[in-house]
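Quick notes on the structure that follows.
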């Protein structure tokens, strides 16, 4: 009987036999020999590389979501796990953030270094040029200066947009010319646009024309490899691909429309992103393996995990709005570049098994329709040796079935891969004693020494004589009414001050003599001050209504509104129209202040003087005892922490570091001048958390991230990744690190902890 085996030695003996039969080794990809010219074509069955059909597993790894010294570690682990292709976007707004005349390719924006490493580790690349990327990345990857081009309409048959897109794509192709496969580089696929088919109808006939123009223009660049356009079912001259949690049922309609195109899955959403105020989404590994196996059974030949490694939204790169700094995504490699078990090891085994039977798959056409053994149980057979038996039923009772004179037990929502009557892989099987949710973040420990050497502090209002709230640095704009925030900040800061001088009238007070401020429309978050004294906060989409308390009940005061973005929209049509800041009316009582003459200023003073790079020029207030009572504990306070690094491990392959910000509230962090990102200790209030479901291997039925989450009633994020090369600032003789924090509300920096985790490979 071919019953499910728990004996892994037997499983690997069977796999070895399959390998010998096919004359292949499991790690078969010798794809990028030095200076080898790679010929890439395709037909309806698969991609063909140098004349050989390929079954390909791809992993999304975005180069700017980790530090450049982590790239080799992440890529090596990916290769060892059976990944064939690295999938990455080009992020336009990190390479040209402020103007079309600048180019930035340093640090973790060094795309050529990343591609060199891909080739070094024998990995192909799918380069998704876009230029729209989505990716939960701020503004979908668009540089904000595009908004200033008159009459531009993004992603439309619009001359201004097409001019800018052409210039950027031509530059990218020329800049990366040596990295395309015909020139000996690792890039074997390229993508133009991104998921445009989901929004195309919102652009009408112009959308259709733009989609056609996009691929025609891309092909005119003559890069010598196939172009893809994901979720684009009206274009024949690019390979249309699928994105989603399950894509097996997309294949038949795809081949009906494009019989000469292979079936590629460019985004198997292996988890999901997390918003501030939400609990952590988890996707069961059994469901991922099930979706993979079904896709291959139906004829798919390329699967990309989105994400294979998620990493971190450093700086202000997270999109949304409201997306947290971590982009862990519950990926097989966690935010810190380490295996997320059991997702990593089971995915690796799946790749090894499928690579071993590649020729049996690709040298046979998929069956036109499956064979049904019973309700919910179907078989896809390839030749005489290989079968995929699927139970897509959701009853929790296993089924006993007969196939090819053998008896098998199959679990619900699972696939058995059978070779020569033996089970090579069961997508539902979890080895005994498996630890779930076993990843780096759950194994951090505080460094057992008093590493905070000193704490300094200064209020943003005290950083120059003009004070905060819109005065002081000459970068202010006056207007009768508030101006949309992005026009002021040019997205160089989350923060924008709106200030006006108020003289109250009888209309300002309610019947109890109180003053209430109302802002009818704003995005995303506001802090309210009167004469530099904090009054309260609000965040959209709620109406801002709060009581004001002028100092000494003064009838004249300066009203200061600090507006904040928390990541710019990354998925929408007509993003050229995107606006932030104060967009509605502003009233105190029934006194309308909207046209009261406003002063607007981009950024905090500390940001504008780059306090995180010039901390030695600041007249900091020292807190000798570093006790809570000696701290300012007021909104908009900058803190400087000197942290001892003496005796700490510096081996990037064996240790990872993070900051525990549980004692703080909301703000931003810099370590040695590197922006770690936003922090916010907002609690996850989502009511559906399924820690017990995860521990009990519950995976049956279609996955929905909204009801499969953990860590309710905890902060959405309290642990913040600090790359080791940033912590030691590329100089391992450093004895300390400098941490700069802007705390918007209040907190105790004395209780910030540096955490470490020693990696056991």
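Glycine too: its Cβ is placed from the backbone N, Cα and C atoms.
Features as listed in Swiss-Prot:
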type     : residues : note
ACT_SITE : 195      : active site, proton donor
ACT_SITE : 267      : active site, nucleophile
CARBOHYD : 39       : N-linked glycosylation site
CARBOHYD : 110      : N-linked glycosylation site
CARBOHYD : 206      : N-linked glycosylation site
CARBOHYD : 405      : N-linked glycosylation site
CARBOHYD : 438      : N-linked glycosylation site
CARBOHYD : 552      : N-linked glycosylation site
CARBOHYD : 553      : N-linked glycosylation site
CARBOHYD : 577      : N-linked glycosylation site
CARBOHYD : 592      : N-linked glycosylation site
CARBOHYD : 642      : N-linked glycosylation site
CARBOHYD : 690      : N-linked glycosylation site
CARBOHYD : 696      : N-linked glycosylation site
SIGNAL   : 1-23     : signal peptide
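All protein chains shown were included, and the count of other CB atoms within 10 Å of the CB of residue 110 (N-linked glycosylation site) stands at 16. Across the fold, the C-alpha of residue 39 (N-linked glycosylation site) and the C-alpha of the residue listed as 'active site, nucleophile' stand 24 Å from each other.
Residue 267 (active site, nucleophile) is 11 Å away from residue 195 (active site, proton donor) when you measure Cα to Cα. DSSP classifies residue 553 (N-linked glycosylation site) as helix under the three-state reduction. Sparsest Cβ environment among the glycosylation sites 39, 405, 553, 642, 690 (other Cβ atoms counted within 10 Å): 405. DSSP assigns residue 195 (active site, proton donor) to coil in the three-state reduction, outside any helix or strand. On a Cα basis, residue 690 (N-linked glycosylation site) lies 51 Å away from residue 553 (N-linked glycosylation site). In this structure, the CA atom of residue 690 (N-linked glycosylation site) is 39 Å away from the CA atom of residue 577 (N-linked glycosylation site). Cβ contacts within 10 Å of residue 592 (N-linked glycosylation site), excluding its own Cβ and spanning all protein chains shown: 13. Put plainly, the active-site residues 195, 267 were compared by Cβ crowding within 10 Å, and the winner is 267. Nearest by CA distance to residue 405 (N-linked glycosylation site), out of the recorded positions 110, 267, 438, 577, is 267.
Considering only the recorded positions 110, 267, 577, 592, residue 206 (N-linked glycosylation site) has 577 as its nearest partner by CA-CA distance.
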